[in-house]
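If you check TrEMBL, you get these features:
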type: TRANSMEM; residues: 16-37; note: transmembrane segment
type: TRANSMEM; residues: 44-64; note: transmembrane segment
type: TRANSMEM; residues: 70-93; note: transmembrane segment
type: TRANSMEM; residues: 149-170; note: transmembrane segment
type: TRANSMEM; residues: 199-219; note: transmembrane segment
type: TRANSMEM; residues: 275-296; note: transmembrane segment
């Protein structure tokens, strides 16, 4: 492998890992606090992508600056993810926390299917493509080869800001401390006066906003179409499980690992690019069943 191919594979892998991380970190945050594996997470990703593509097309058709797409996609996706998260947690999920895990999975899967139908009704079945923001940002020279600045600068930058911001929020704010305390010991936190329902509402909303933003930032680089949410939820699940359920920082490392693995497979063994993330997950779980950063937890009686 020559230096150019190696460099391009690394850049592709980091860009892809950045997209996956935005979704996976919300999923692992929700599980870490609420102990629910949210299958509907892919639906929020897809809705964020559709909104971003729709906004981009509207801006282009109106002849406005493509740079307006950036703040518009952030605001639109955050509002959509936040509102949907608030409604779904308050009126659906709150009633299944004490139910069996199988029922929780079925309910979140049903929510995902409903969100898929909503996308079909609102946006139709034709793919959306809105790359004006990518074009506006131009390219940078990488070893003599032009590479999209959007993918090499913006996407990784957003992912790093998300990780740093989330860590700061969880460790240096009152709400973050409440979330962390509830995740570590729900009963003890409740006994000390923490309102677990409000913590769950906040946590789920943060997770859905992150998923929607992940889709919004991915939209300018790909065709937005039905089914993309299902693909992303499976891949995000692989990242979360490989890192260890509930591991926020671990999700970042694992997203990079899986992103690079997939990228190098595309360049070296294209027929294995789809399988590579799950092959990495299998190898990790064979050696560390609790994930790379997971620990065996015991419950004291």
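Each Cβ is built from the backbone N, Cα and C atoms, and glycine gets one as well.
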Which of 16-37, 44-64, 149-170, 199-219, 275-296 contacts the transmembrane segment (70-93) most, counting Cβ pairs under 8 Å: 199-219
Which of 44-64, 199-219, 275-296 contacts the transmembrane segment (16-37) most, counting Cβ pairs under 8 Å: 199-219
Distant-in-sequence neighbours of the transmembrane segment (149-170), which means Cβ under 8 A and at least six residues beyond its ends: 11-12, 14-15, 17-19, 21-22, 25, 29, 133-134, 137-140, 142, 176-177, 179-180, 210, 213, 217, 220-221, 248-249, 252, 255
